[in-house]
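**Q** Here it is, the structure in full.
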Amino acid sequence: MSRWKAKHDKEHYYKLAKKQNYRSRASYKLKQLDKKYSLLKPDYNVVDLGAAPGGWSQVVAETIGEEGKGQIISVDLEYIKPIDHEAYTGVKGDFTTKETQDIIIELIDGKADVVLSDAAPKLTGIKDIDNFRAYDLSMAVIEIIDNILKNNGNLIMKAFQGEAYQEIIKNLKKKFRNVKTTKPNSSRKRSAEMYVIARGFRGSKK
């Protein structure tokens, strides 16, 4: 793909997000993933990790509707502007800590049907450091699901192709019955980001 087309596509989704009142163009990544894989249902309890600014949580809030059967818990170290939806709750905290995980479990009165993570590490431009940070973040998400995801639940997470990418997939295959990777049309083609669809959580082995 040419740089011109990549820039054009990025601007297209940015403008579309502004027009449709989404907080980021990343909203379209989840919409495309859900359309392809049917990941979200109206009565699901969903936890969105690294949720700021809230684009994915907006999509979930649309899906679970106004009946209040499902819930969306958005977690981030940064402040997230609340979403005007009765099923929404924001949590400002570090999802890798037990304290924040306990808050999540209490809020959803059990465990989540789906865990989402579009989180990305802070990049330095130094390849080795950035690869390590991306791997470290992915593994943090994989570890937290033991505590907050229901048996047979699903995980949708961003991962970055690099030296440790296959190690991430290997770890997920140990925990889930089915693992697929994909790149939505709204992702930049030159980007190293991939999205992992992991379904059928086997449950914690602890």
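Glycine is treated like the rest: Cβ placed from N, Cα and C.
Below, the features straight out of Swiss-Prot:
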type	residues	note
BINDING	Gly54, Trp56, Asp76, Asp94, Asp118	S-adenosyl-L-methionine binding site
ACT_SITE	Lys158	active site, proton acceptor
**Q** Minimum Cβ neighbour count within 10 Å among the binding-site residues Asp94, Asp118: which residue?
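**A** Selected from the binding-site residues Asp94, Asp118 on minimum Cβ neighbours within 10 Å: Asp94.
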**Q** Residues with Cβ closer than 8 Å to the Cβ of Trp56 (S-adenosyl-L-methionine binding site), same chain and 6+ apart in sequence?
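**A** Those within reach of Trp56 (S-adenosyl-L-methionine binding site), by Cβ under 8 Å and sequence separation of 6 or more, are Ala26, Ser27, Lys29, Leu30, Asp48, Leu116, Asp118.
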**Q** Quick one: largest C-alpha distance among Gly54, Trp56, Asp76, Asp94, Asp118, binding S-adenosyl-L-methionine per the record, in angstrom?
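**A** 18 Å is the greatest Cα spacing among the residues binding S-adenosyl-L-methionine.
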**Q** Report, in whole Å, the straight Cα-to-Cα distance of Lys158 (active site, proton acceptor) from Asp76 (S-adenosyl-L-methionine binding site).
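**A** Asp76 (S-adenosyl-L-methionine binding site) to Lys158 (active site, proton acceptor), Cα-Cα distance: 15 Å.
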**Q** How many whole Å apart are the CA atoms of Asp94 (S-adenosyl-L-methionine binding site) and the residue listed as 'active site, proton acceptor'?
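**A** With distance taken Cα to Cα, the residue listed as 'active site, proton acceptor' is 18 Å from Asp94 (S-adenosyl-L-methionine binding site).
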**Q** Of Gly54, Asp76, Lys158, which of the recorded positions has the most Cβ neighbours inside 10 Å?
**A** Gly54
**Q** On the three-state reduction of DSSP, what should I expect for Trp56 (S-adenosyl-L-methionine binding site)?
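**A** For Trp56 (S-adenosyl-L-methionine binding site) - judged by DSSP and reduced to three states - the answer is helix.
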